[in-house]
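What TrEMBL records for 1-61, 1418-1534, 1546-1588 is region 'Disordered'. The domain 'S1 motif' annotation in TrEMBL covers 82-170, 186-257, 280-345, 364-435, 452-521, 541-610, 633-704, 726-795, 1033-1106, 1147-1220, 1228-1296, 1322-1394. The feature compositional bias 'Basic and acidic residues' is assigned by TrEMBL to 1418-1435, 1474-1486, 1578-1588.
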Amino acid sequence: TATMEESFPRGGTRKTHKSEKAFQQSVEQDNLFDISTEEESTKGKSQKGPAKTKKLKTEKRENSKSIREKFEILSIESLCEGMRILGCVKEVNELELVVSLPNGLKGFVQVTEICDAYTKKLNEQVAQEEPLKDLAHLPELFSPGMLVRCVVSSVGFTERGKKSVKLSLNPKNVNEVLSAEALKPGMLLTGTVSSLEDHGYLVDIGVGGARAFLPLQKAKEYIRQKNKGAELKVGHYLNCVIEEVKGNGGVVGLSIGHSEVSTAIATEEQNWTLNNLLPGLVVKAQVQKVTPHGLILNFLSYFTGLVDFMHLDPKKAGTYFSNQAVRACVLCVHPRTRAVRLSLRPIFLQPGRSLTRLSCQHLGAVLEDVPVQSFSSKAGATFRLKDGALAYARLSHLSDSKNIFNAEAFKPGNTHKCRIIDYSQMDELALLSLRTSVIEAQYLRYHDIKPGALVKGTVLTIKPYGMLVKVGEQIRGLVPPIHLADILIKNPEKKYHIGDEVKCRVLLCDPEAKKLMMTLKKTLIESKLPAITCYADAKPGLQTHGFILRVKDYGCIVKFYNDVQGLVPKHELSAEYVPDPERVFYTGQVVKVAVLNCEPSKERMLLSFKLLGDPKREHTGHSQKKRRAVSVGQLVDVKVLEKTKDGLEVAVLPHNVPAFLPIPHLSDHVANGPLLYHWLQAGDILHRVLCLSQSEGHVLLCRKPALVSTVEGGQDPKSFSEIHPGMLLIGFVKSIKDYGVFVQFPSGLSGLAPKAIMSDKFVTSTSDHFVEGQTVVAKVTNVDEEKQRMLLSLRLSDCGLGDLATTSLLLLSQCLEEWQGVRSLMSSRDSVLIQTLAEMIPGMVLDLEVQEVLEDGSVVFSEGPVPGLVLRASRYHRAGQEVEPGQKKKAVILNVDMLKLEVHVSLCHDLVNRKAKKLKKGSEHQAIVQHLEESFAVASLVETGHLAAFSLTSHLNDTFRFDSEKLQVGQGVSLTLKTTEPGVTGFLLAVEGPATKRTVRQTRKDSETVDEDEEADPALVVGAVKKHTLSIGDMVTGTVKSIKPTHVVVTLEDGIIGCIHASHILDDVPVGTSPTAKLKVGKTVTARVIGGRDMKTFKFLPISHPRFIRTIPELSVRPSELEKDGCTALNTHTVSPLEKIKQYQAGQTVICFLKKYNVVKKWLEVEIAPDIRGRIPLLLTSLSFKVLKHPDKKFRIGQALKATVVGPDSSKAFLCLSLIGPHKLEKGEVAMGRVVKVTPKEGLTVSFPFGKMGTVSIFHVSDSYSEMPLEDFIPQKVVRCYVLSATDHVLTLSLRSSRTNPETKSKITDAEINSIQDIQEGQLLRGYVKSVQPHGVLFGLGPSVVGLAQYPHVSQYSPSKKALYNRYLPEGKLLTAKVLSLNRQKNLVELSFLPGDTGKPDVFPASLGLPLLKQEERKMEAEEQEHKGEEEQKKKNQKRKGKKNEEGQEAVRPPGKEKSESQKPQAKKQGKRPLREPASEQEGVKKKQKKAAPSEEDDSGVEVYYREGEEEVEERSVLPKGKPTRPAEVPRLQLSSGFIWDVGLDSLTPALPPRGESSDSEEDDKPQQSTQKRSKKERMLEKQKAEKELSRIEEALMDPGRQPESADDFDRLLLSSPNSSILWLQYMAFHLQATEIEKARAVAERALKTISFREEQEKLNVWVALLNLENMYGSPESLTKVFERAVQYNEPLKVFLHLADIYTKSEKFQEAGELYNRMLKRFRQEKSVWIKYGAFLLRRGQAGASHRVMQRALECLPNKEHVDVIAKFAQLEFQLGDAERAKAIFENTLSTYPKRTDVWSVYIDMTIKHGSQKEVRDIFERVIHLSLAPKRMKFFFKRYLDYEKQHGTEKDVQAVKAKALEYVEAKSSVLED
């Protein structure tokens, strides 16, 4: 009965077990898994006993409690000793297993609880103190995820008071409930291998009296599959099925086969009872009851068990019903209550299978707002995560402490912030915690903590073995005694107290062993040096802190983090010798060490305590003979020992370590290296030299300032891990290869700069651009850490170091500083010569004696008192002076060549006699280059003659110059001064301005700067070769050779050619004549030389210029020039053209000669004198439209014109002239302008030469208003304008004839109304509707005058719908109105449109049939709206009034910028119209009013789009209802687009002003509109005509076939089809036809941005078009740039192939060839590339090369491609090459692959095309005798037949049929046999 009492308690008191007490305490508040009492009472618990049937009445009462507890999920409290439970191995450690138990619990299995045999082995191992061979470690026996049957051996408390569950896997404990007699075949048990026998294994199943044996045969499959073929070891854990039982359970045979184990099911025949039921058994069961919290199951006939909600099958949850049959797995059995828990999760239903999901990916994540799913006051709460999965938090984790726990907060649906802290494998649930301390914890698991990290923790206890510190919820670390402080402390408890917060650094963290070691040494914690956590971190030269682990007589072992340690050998312990390290150093001492070298693979490291870079120890200066290592990256002082051919052998001070300093490493300036090398001597000391590398005692040094400062600033990365793409690094060129340049950095890392990204310029040969040892800046483009490689770019565009001027100045001052250094080296030498040279400073003026003049024209001066001194002036610096030996001359020093020991001097007058003038820092000066060094140039300022030096480079990488970019002596440059006093160097320091400001050797690219006269006639060029001895002012005679419009060519004696300019023929030139016509060919002329023009630079040179004798003499035959002695001297060499132009004042009149009319730029190019040119913008040539239309008719080339100077053209050396007087654009002036923009309903924007803009109001377009006032204006139309006001930066203009042509006295239909003063009451005025308001219609009468017509005065009808007003009175409609009343004070004008007042038809057509407005209504309405309207209009006009300026010109406002009221929301209109600021009105001009939207009431649904430059066609009043159809979708472009890109520029027509205006004044074109009333019939006709015209225009716009004719048309079409590349390409072609290359480019760029990224083909089409464009009109550089971008954005292969085609089509065969070679490298696996290249070569007739390509292709491509490639090449041979060779290839291929029908087929095709009939028939005969599949044969027979039908006779056809028949018969007979 005792057992019965335990199982079925009857009431009354009884002794409860301690664990049960805990179990029952909080039952009362339970509400989650509650089951109503009625239900409970029906269910007796009696079924649990196997044979109890008698119902006991008293049970009903007591049952309620036990059942209430039934569905409680397991908690630690509910576990008790002896409970058998299924678990899953979570972690395997060396001495214990961590096991996951159901419901989120966890237990531990110690190594001694595996099985007796294993424990015995362990004891043996301990006894003999060495590892046993056959003892497997736990990780070999168990793996995470394994399911194990455990028994709870104890539930104890840890030191921290937490409960901990100890488990046992020992079969003796797990299976002790079984007896030998109870064993039955089919039972599934667990056991462990206890020994290995000959034929199998003995397995310990823990059943007394039973020996279990596993035959080898039965274990084979398991060993192979699960154990990787290794035999089983003692302790191996097995799931086994009993195969047979002998001798009443004495001997048991087992099997562990997968199929037997996974299908084993516990059955009734096996006689399981509640006493011996084991966890892990799979049973068949039946659902007895479904509750919200789980199920009650019936199994093995008699037993009941429960399934909690965590163990339902997740896929079937919610679909269970009573009596449903299920399979379940026993999870645990309570030893006393015999309660059974089961699981329905599918993973448990196949015994022997491991759990697969071992963790969740978000472990440690903090989640916000997680909703509660359900809550139990005993166990905890479940939550629903975002991904739908369930998660669970134990009760103890729901709040920070029990006291503040509030169950109310966990109602389902409430949300909480929590953190995932673990994962329960058994439940497949994430475990959460809501505790603040957990959520905020820095570390959650040992895995999160990395060695070297700083962590905070609290002191737990202090033990003899160290101090325990709590770092996180579950994490404790140990601080060993030696780590409690920097020194050893005896009583740590005095320093640290329990609960103190401490900051530690992690020494070691082993998550698997849960071992965390930390240090509290202050130096280590506060160290800023990099921590070494692995051997790879230890780079030579690195300095860091560590602590001494052991001191030995051979040195110290220093330890860092993560068990990394290294040795400091004895000789590295100190600068002095340390005989006994143990007396000097102690264990635990914190030391700073430098890494000497490290071998990570061997885990060996050598360290040193001698820190070279440490300034504290730097100056100890122990003159030790001991050699001391120099660490990489250290700065040292060195002493020169001797010079070798490559550099200097030096000794590193203070220990005289030998080292080497190569020549290129002496300076950042390539040229200064050899110079410094030359003057350094043995014994000289160099400071701050960098150690670059060190290997086997060989130390390499570098003295480049750029590298030294990089290292000092700590900006050089030490390892690849620190390098990221985009970084800029400074290094030097290590070696130069054809494919690129290798760059090395101070730390020893190096990278490759490939040829392609080595320079922005085209690189022909890499060695032209860089030299070895040169300092460079590199940008990292990509890094491959594994291979330790990186790619670099050396392009200037990538490697910018900030402002160019600053870097340029820095490089210059560095270079000159080094020169000064060399001077000081020289001055310390003994030689007088060298000391004299050192004292010679540029800029000094010397008195010298000429020694001799050499052949090349240079002068050598005598050495004077110093023997060997060489002073020379080059021919240029002789400055044209006649010199004889012995003559005394003053000369100025330009520079001293310190290698050749020569002094360069100049005799130039300007330099010798410098002007004293105060110079400003930062001022800009013109200067002339006098002397060039390799890295800088010396120039003289034109104004003062001072010498200034400027750097030739502005960047370390900027070393390469094309010849055209190189400076020459004598060239003019623009300099900005950076110093104003010459320092010790003798130079002013300056920075060169942009290269565009250089003046000599102008390149002849820009037609603007260099005009066509410089293609001076061949006659002149020929003569240029002849030398002459003429000088300026000489009289010469000659004969006229040829006459050109602006000059005459003359032949002088000796065959010298001279030139006379048109301006130098007559003194007074009659306007309109051509002076050159006065001279006839062959006539003899006498002339005076006035200048000499250099044929290279087109400059007039001064007589002193050395090249003057090779110039073309410029002559004058003006009588005045011939008479007098003095004469003009032309000189544009030293005086820039800009200076010459400045002598002309604006307004001055000049005579000029027309040279040509520039159609593209629309200006006349003229010459005023041989050296002064001008331009007359077309608009300034005449006020007549005829002249502007055909300037060539009015102006003849060579004609003399009288022009007014407008001013110099700011950018170029041209005078700007005008033929119509000074172009002032002041008030009252008339000028010609060009329309740039048409703003519908508002007016025009007009541009004038020199960028001035003006606006024309709609009221000033004409003297007579019209329905469509802007119809005739399109952009670029020329208009004659009258300036109304110029007070603003935008002019106000009028185009009225009465203003622009007052003398024509044309009739003014609509007078100007500029203010309310111009209006009289009763006047009839025309104007344009502004907007429809709630109380009337606002009507514009002039640019700034608005009147109001109230509704009763608008129409005699009263429309029911206000929308009709908007429809019939659209903005901009022309109407006639009568002025009813004026209020000048309030600025109000009241108007009427009524037919009775105006005599014009009503605004609403009678056909609408609207009701008439009655007289009384009219009055009432009028009064009501009176004040509203007044307000409105008053505001409108007052606003205008405020704008009036002094002269009363209100037209300054941009026309019509009033936003039409109808566009504003209706609510705002009641008198709240905000005043607009004048500033915003000005902006208004710039805004395009793109869309005039219909007002709210407008129900027509028609939206009208306006665009600039479009005729105003959509006039609202007559638009039909219904939406305009949009143009049909433009087709996408397949690549055959059908229009041609290859339009040569010459075939394009110049874009002349469009639209024909032939009349002199465009107003004359318009019929004058009469003002008298027209008859009704006339009006009807007019209206019909207007409507027809309108619908015609509409149809044209709607017509889908209409070709776009303007940019706007294209833009409109592109709105509807933005992805159509054909449209974009037509748009580009449209611009190209107008030679607008830039616009075409811009369109292409727009297209690339607009077309959707999914439309790859469309985008590619545009890229190809852009490539075409750049190929035809761009430069090779621009083409390359586009190509590189295209390759990034598209499939590279396609882009390459397209570019190759483009090159081929444009016959750039060399480029195409190079491109193909690039492709073959990059796409060698693509057969299409090989074939294309082959075809290309054959087309070029290079058959041999094509054959070689085929051979290469076969070597590169995989075998399966070979036949195709060969066939393709053969095809190409047939088409483009040698047909015989093609046949040979085919025959060869087919002999190898006779069954390749595709090849046969191609062969036949090709032969039919290119061969004779006999050849074709021969091939067919061969094919039909092949033994191929019948289907294939049928194909060939059919082809043969078709061929004969086409080419042969009837007989041939029959022959083929007979052969076919023969073949079929032969086949069938074979089958019969």
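In case you wondered, yes, glycine gets a Cβ from its N, Cα and C as well.
All annotation found in TrEMBL is predicted automatically rather than curated by experts.
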Helix-strand-coil residue split for the domain 'S1 motif' (633-704), DSSP-based: 12 helix, 37 strand, 23 coil
Contact ranking winner - 364-435, 452-521, 1147-1220 against the domain 'S1 motif' (1228-1296), Cβ under 8 Å: 1147-1220
Per-state residue totals over the domain 'S1 motif' (726-795) - DSSP helix, strand, coil: 7 helix, 35 strand, 28 coil
Segment proximity, the domain 'S1 motif' (364-435) to the domain 'S1 motif' (186-257), 3 or more C-beta pairs under 8 Å: no
Local confidence of the prediction over the domain 'S1 motif' (82-170), expressed as mean pLDDT: 89
The domain 'S1 motif' (452-521): DSSP-derived helix, strand, coil residue counts: 7 helix, 34 strand, 29 coil
The domain 'S1 motif' (186-257): DSSP-derived helix, strand, coil residue counts: 11 helix, 34 strand, 27 coil
Per-state residue totals over the compositional bias 'Basic and acidic residues' (1578-1588) - DSSP helix, strand, coil: 11 helix, 0 strand, 0 coil
